[in-house]
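Asks: A single structure is presented below for examination.
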Amino acid sequence: EMESWSFLDTVESNFRPLVVIELAKGTKEETIKWFTERIVDKKANGGEYRMIFCAQLLVKPLVTENGVENIYLVGASHLRLLLGAETVGLVKECSDNSMRAFTYSSRKTFKHFADDNHNFLTMAECQYIIKHELENLRAKNENMIPGYPQAKLYPGKSIVRRLLTSGILVQIFPLHDREELKKLSHSWYGRVKVGYQPLDDIRCYFGETIALYFGFLEYFTFALIPMAVIGIPYYMFAWEDYDKYVMFATFNLLWSTVILEVWKRICAILTYRWGTLLMKRQFEEPRPGFHGVLGINPVTGREEPVYSSIKRQLRIYLVSLPFVCLCLYFSLYVMMIYFDLEQWALDYHKENESNFSSLMLYVPSIIYAVVIEIMNRIYRYAAEFLTSWENHRLESSYQNHLILKVLVFNFLNCFASLFYIAFVLFDMKLLRQSLATLLITSQILNQFAESLLPYWLQKRYNRKMKKRMCSKKSDMDLSLAEQVNMEKEMGTYLGTFDDYLELFLQFGYVSLFSCVYPLAAVFAVLNNITEIYSDALKMCRVYKRPFAEPTANIGVWQLAFETMSVISVVTNCILIGMSPEVDALFPDSKMDLVLTVALVEHLLLAIKFIMAFVIPDKPRDIQTKLAKLEFESLEALKQQVRAFQMQLHFLLIHH
């Protein structure tokens, strides 16, 4: 392999900036010097064939008209990126159409690979590799950041993390590729058409996590159409006749199972094609926020921070759990205040029968809807703080704990009042009214806060920037410096969390009380169609480009949606059981009614679970491919062992 390192001198000439690092104004010279040296010469000590060369990543200061600003561009040589691809375990397609984990030594067997083909890795993959390298810069023997004695370091601490918390490092973000972005946005939302989104292009540009979200959003929208279509005639005709709703509710419950199971299959097809289905996650590096005493990872033997899981469990069960329970209690308390206000508004209206008093009837609902949104936001911050304090080693377990905390609270916050109206007050008319108010208010608030507002602010800012540059150039002609300056001011995309949450709550409104308000699915479909456009717009125009995150499925969300569909079986059965028509069927004993409802509910749940079991999670051909890969890696291992035994035998004979 030696000869392939010799081109390192020619690297500078074709430097391609991939990632931008912005340092705080007035950062000390020695700090900058130390940090850039650490980036460039990261693994000079140790590593397999990394000993040979020190050029790791390439760093260049961004030069503008007014001299050098505190902005640095990071790139990497083609070779460095290929080695990085092996480290992070990227999976690429081979020449024989199978998918395999990329290794530098077997690089020639991969499709479209050539030493001079710099497009073998997509730009998003290159940026992911660089981010991975930067996050794994860990302190060796420094006990503080040079120039900032108060910013303490200890062996194993993530340097980037420490620089961020001490405010020396403002942000790290990947650059947009203007050409590609223009093509993508045109094919994605640029023209009004009925058709599928270009998921593969989205994946190449934004990475798998975001592509999967858009895939799910699109799939979910199509899947809700049958519910919406059946819901409309129900809304028009069978208003008060509950036994007709039995059919509708049953269809909804079974349909929701089918769509969630089929999604798993689609997800497997997509992620197999993208290579993330095969990515090994057990060698996942610790997340940058993880801290502990430096030790040895028992699985990989690599040096990394270690933190006792007992301490973590104690933190979760003795602090986080009680805190969440307290918040839930508070949320219920607020709900009771809302019902008191409702009562007060009703009484006020009875006394004063005026236009003003009839308007007052709507005030409590609207106030409550707004308060719910505010409480969700505040709780979200608390949950993030607690989850990072729990100190999870892996990004995935951090995400899972966070999602769980937020979901439980949001579920209670959004649906508690509906459950109370349905099962304590038994007021179907109020339930229908509240459901419609909550659903529509939350959709309008979300569309506004998520897309319209940021887009308008961004437009205003861009106009200012253009004036300042005194040039009416199009986006394409921006120089690198102008592009970086424009992008660094854009908002940061915080991940798919809020988008999934919105879909989850929407799914709740549609399925939990589907027999009460059949139009919910219609509103959901309409909302999702605009959501696809506004989310696409916000990804391409409003936010900085996010780093690609490889993922093989939608994670905890799959479980969340499945749980929601199980809960909805129970609520719908009880709602139908409580209706006067069904009551009339059991005039003598209420016990029979309860038993019948329970029986029907168990039957439906049984059918759901049987369906979930019968529909396989992965299509047959993908199962075969995965099994074949496993077999091949076993064979390869056997061959290695045989070769080793031969050598040993040979040595023994010689001795």
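In case you wondered, yes, glycine gets a Cβ from its N, Cα and C as well.
According to TrEMBL, the domain 'Anoctamin transmembrane' annotation covers 202-628. Residues or ranges marked as transmembrane segment in TrEMBL: 219-239, 245-263, 316-339, 359-379, 402-423, 503-526, 593-615.
Buried or exposed, and what's around them? Tell me for each listed feature.
Replies: For the transmembrane segment (245-263), the residues of the chain that approach it from at least six positions outside its boundaries are 216, 219-220, 223, 226-227, 230-231, 234, 238, 507, 510-511, 514-515, 518, 558, 561-562, 565, 568-569, 572, 575-576, 579, 604, 607-608, 611-612, 615, 617, judged by C-beta separation under 8 angstroms.
Note on the transmembrane segment (503-526): residues 216-217, 220-221, 224-225, 227-228, 230-232, 234-235, 242, 245-246, 248-249, 252-253, 256, 407, 410-411, 414-415, 418, 422, 428, 431-432, 435-436, 438-440, 442-443, 557, 560-561, 564-565, 567-568, 571-572, 575-576 of its chain, located 6 or more positions outside it, place their CB under 8 angstroms from a CB of the stretch.
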Asks: Take a look at 359-379, 402-423, 593-615 and tell me which one has the most Cβ pairs under 8 Å to the transmembrane segment (316-339).
Replies: 402-423
